[in-house]
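S.K.: Dumping the structure here so I can ask a few things about it.
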Amino acid sequence: MAQWWLILLGLWTVLPSLAGGKLLNVCMNSKHHKQEPGPEDKLYFECMPWKDNACCTRDTSWEAHLDEPLLFNFSMTHCGLLTPLCHKHFIQAICFYECSPNLGPWIQPVVPNRQEEQRLWDVPLCLEDCEEWWKDCRTSHTCKADWLHGWVWDQGKNGCPAHAPCLPFSDYFPTPADLCEKIWNNTFKASPERRNSGRCLQKWFEPTHGNPNVEVALHFAGSASAPQLSYSITAFSLCLLLHA
């Protein structure tokens, strides 16, 4: 019987890391993502932080920098040009979404129980990321808080719905959290944690300082796998007791 308890102890030790590993260093199953992350030494400007290990290609990184990114067939100039600083935040957010291999814990199927296409859900952006994005965009204009749904499409281009006036971002997004969480329909979540806390993700970082999101993904991958593993190993433990 002692040998079974040794095996059980080993399971408690090893399985969490194995299960969490499935959520690490992965790419989404999505239109523009590579199947596996890897080096891409010719990524454009704001996508460069991921050049050593990226889920995006050079072409994807180039398209992310356009005023009307071909990636989503979506015009960010529906209420006129964004300010340069505001536009830069959106480029960084698109690069983060397309290039990061550290988003595994937040990947969800678009259709429940099917993995043909995936999306991100509640990615915890650091407090400073949301605050700076909101501050630099509050004087730019938009006509909607949800940029994923409810547009009027004409000749393949998105336009504002009737009775949806172009107003400063701050009218549609009164707080930094509103901007982070509403604009792409809960793709991001405004975290109360700060950068370098190990508990939130940065949508951009200095490449020379290393990727801080690796540690964060590791933490959340372990947290995500813990409940299911605990249930499975507890059930196995009860079986051992019943047959002792």
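Heads up, the Cβ atoms here are built off N, Cα and C, so glycines get one too.
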S.K.: Look up region 'Important for interaction with IZUMO1' in Swiss-Prot and report which of 42-61, 62-81, 162-181, 222-241 it refers to.
M.R.: 62-81
S.K.: The disulfide recorded in Swiss-Prot for Cys143 goes to which of Cys126, Cys130, Cys160?
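M.R.: That record, Swiss-Prot, gives the partner as Cys160.
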S.K.: Could you pull the disulfide partner of Cys137 out of Cys86, Cys95, Cys99, going by Swiss-Prot?
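M.R.: It is Cys86, per the disulfide annotation in Swiss-Prot.
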S.K.: Cys200 pairs with which of Cys99, Cys126 in a disulfide, per Swiss-Prot?
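M.R.: In Swiss-Prot, Cys200 forms its recorded disulfide with Cys126.
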S.K.: Using a Cβ cut-off under 8 Å and a sequence separation of 6 or more, which residues in the same chain sit near Cys56 (disulfide bond)?
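M.R.: Those within reach of Cys56 (disulfide bond), by Cβ under 8 Å and sequence separation of 6 or more, are His32, His33, Lys34, Glu40, Leu43, Cys47, Trp50, Ala64, Cys95, Glu98, Cys99.
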S.K.: Count, for each of the disulfide-bonded residues Cys55, Cys143, the other C-beta atoms lying within 10 angstroms of its own C-beta, and report the residue with the smallest count.
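M.R.: Comparing Cβ neighbours within 10 Å for the disulfide-bonded residues Cys55, Cys143, Cys143 has the fewest.
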S.K.: Between Cys47, Cys86, Cys166, Cys180, Cys200, which of the disulfide-bonded residues has the fewest other CB atoms within 10 angstroms in the structure shown?
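M.R.: Among the disulfide-bonded residues Cys47, Cys86, Cys166, Cys180, Cys200, the lowest count of other Cβ atoms within 10 Å belongs to Cys166.
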S.K.: Out of Cys55, Cys130, Cys137, Cys200, which of these disulfide-bonded residues is nearest Cys160 (disulfide bond) by C-alpha distance?
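M.R.: Comparing Cα positions, the closest of these disulfide-bonded residues turns out to be Cys137.
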